[in-house]
C-alpha cells in the first residue's frame with residue numbers, strides 16, 4: 001500500500017514533530033512532465049464514496065451555468081447547479097450528520113489510500129514547524145489552525161490559466177488526494193478553507209468521518225458557475241474537531257462595500273474548548289481579487305472588522321481570523337486589520353528576523369499575463385489573549401521549482417499556513 005515510503009514518512013512526522021527551527025528539508029523540484037504511467041491500484045475503499053458522488057456531479061452538470069445580470073437568472077443558475085450536483089442526490093450532505101450514526105475513518109488508513117492514488121507522483125514537500133515560544137509551557141494542548149486557499153477545481157481547470165502547469169497535475173481525483181494528504185499530515189484542530197467547490201461530495205463527508213464539524217458558505221455569484229462541467233459554486237468552509245470544541249454560535253456574513261452587498265463572504269464561529277472551558281472566535285474569509293479593487297477590498301475588510309467587533313463583544317472574546325485577503329501588506333485593508341481596536345497581529349510576521357515583516361510570498365504562479373509572486377494569505381490573532389507557539393515554515397523557491405504552483409507536488413497556487421496557538425494567562429478572564 002505504501003508505494004512511496006518517503007511520502008508516508010514526511011506526512012506522519014508533521015503533527016508531533018518537536019518545534020525545531022528549520023530542520024534540513026529536501027529541495028524537491030517539480031518534474032517537467034508527468035511520471036511514466038504505471039498500473040494504478042484498485043480504487044481505495046474510503047475514497048470510493050466521494051469519487052462516486054463527484055462523478056455523479058460531473059455527469060449531471062454538463063452545461064455552462066450562465067450567471068447573467070438579473071436576480072432571477074442568478075437564483076435560477078444557483079438552483080440549477082445545486083440540483084444537478086451531488087448535494088441533491090445525497091441530501092445527507094446538506095447538513096452535518098450526527099456523529100453517533102457515522103462510521104469513523106482511521107486517518108492513517110485514509111492517508112494510505114491517498115498515497116495509493118498518488119503513487120506515480122513525486123513525494124510531498126517537506127516543511128518544518130518553527131518554534132516561537134517565549135513563555136512557559138501551557139497546561140493545555142495548543143490549538144492548531146490551518147489556513148488554505150485550496151484552488152477551486154473549476155477555476156484551476158478553467159479560468160485561472162496556469163500555463164506552466166500540465167493538465168494532468170490538475171486532475172481532481174489525484175489533486176483532492178494531495179489536499180487531503182496535506183490536511184492529514186498537519187492534523188489541524190481547525191481548518192479554514194477558501195475556493196471550496198467540492199464541499200458536499202468530498203470534504204464534508206470525509207472530514208465529518210474524521211471527527212470534524214463543517215460549515216460552508218458559497219459565494220452568491222461564484223465564477224465557478226460560468227465554467228462548463230462545474231461542481232457548483234465555490235466558497236469558504238470552516239471545520240473544527242468536535243472532540244475538542246463545542247459550537248457556541250455561528251454567523252455567515254455576506255460582506256458589504258459602500259453599503260452594497262458583494263460577492264465575497266465570511267464565516268465566524270464562537271467555539272468553547274471542552275477541556276478548559278475557554279471561548280474564542282474563529283473566522284474565515286476570502287476578499288475580492290485583482291488589481292484595481294484595492295478600495296473595494298478595504299471596504300470589505302472594514303465591514304468584516306465591524307461584524308467581528310460585534311461578535312467578540314468589543315474584543316472581549318479572543319479572535320483568530322484566517323483568509324485569502326488578496327492584498328499585499330502595503331494595502332489599506334491590511335493596515336485596517338493591523339491597527340484595529342480588536343488588537344490583532346499577523347502570525348506569520350513572527351517568522352521574520354525582526355518579527356515585523358510578512359513572508360515574501362504565500363502564492364506563486366505563472367499565468368498567461370506573467371509570473372505572480374505575492375503575500376495574500378494571513379492568520380490574524382488577538383495578541384493580548386493568544387500566543388503563537390509555532391508556525392509552519394513556507395516552501396523555498398527551490399522546492400517550488402521553476403514552473404511554480406500548482407504542480408505535481410502541490411495541489412494549489414496558495415501555500416497552506418499552519419499555526420499552534422495557546423491562551424495567555426492574562427486571557428483567563430476574557431473567555
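Numbers run from 1 along the shown chain.
Just so you know, glycine gets a Cβ as well, placed from its N, Cα and C.
For reference, Swiss-Prot has these:
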- 1-75: transit peptide (TRANSIT)
- 20-41: region 'Disordered' (REGION)
- 195, 219, 220, 221, 263, 286, 287, 288, 289, 324, 325, 326, 414: substrate binding site (BINDING)
- 195: Mg(2+) binding site (BINDING)
- 343-353: region 'Interaction with PPARG' (REGION)
Same chain, 6+ residues apart, C-beta under 8 Å of the C-beta of residue 263 (substrate binding site), given in sequence order: 219, 220, 221, 222, 288
Secondary-structure category, per DSSP, in which residue 195 (substrate binding site) falls: strand
CB contacts for residue 414 (substrate binding site) [other CB atoms within 10 A, all chains]: 25
Protein Cβ atoms within 10 Å of residue 195 (substrate binding site), excluding its own: 27
Predicted model, mean pLDDT over the region 'Interaction with PPARG' (343-353): 98
Cβ neighbours of residue 325 (substrate binding site) where a neighbour is any other Cβ within 10 Å: 27
Chain-internal residues, separated by at least six, CB under 8 A from residue 287 (substrate binding site): 255, 264, 297, 300, 301, 323, 324, 325, 326, 327, 333
Assigned conformation of residue 220 (substrate binding site) - DSSP reduced to three states: coil
Counts by DSSP class (helix H/G/I, strand E/B, coil) across the region 'Interaction with PPARG' (343-353): 5 helix, 3 strand, 3 coil
Binding-site residues compared (220, 289) - the one with the fewest other Cβ atoms within 10 Å: 289
For residue 263 (substrate binding site), the three-state class that DSSP assigns: strand
Substrate site span - longest C-alpha distance across 195, 219, 220, 221, 263, 286, 287, 288, 289, 324, 325, 326, 414, in Å: 23
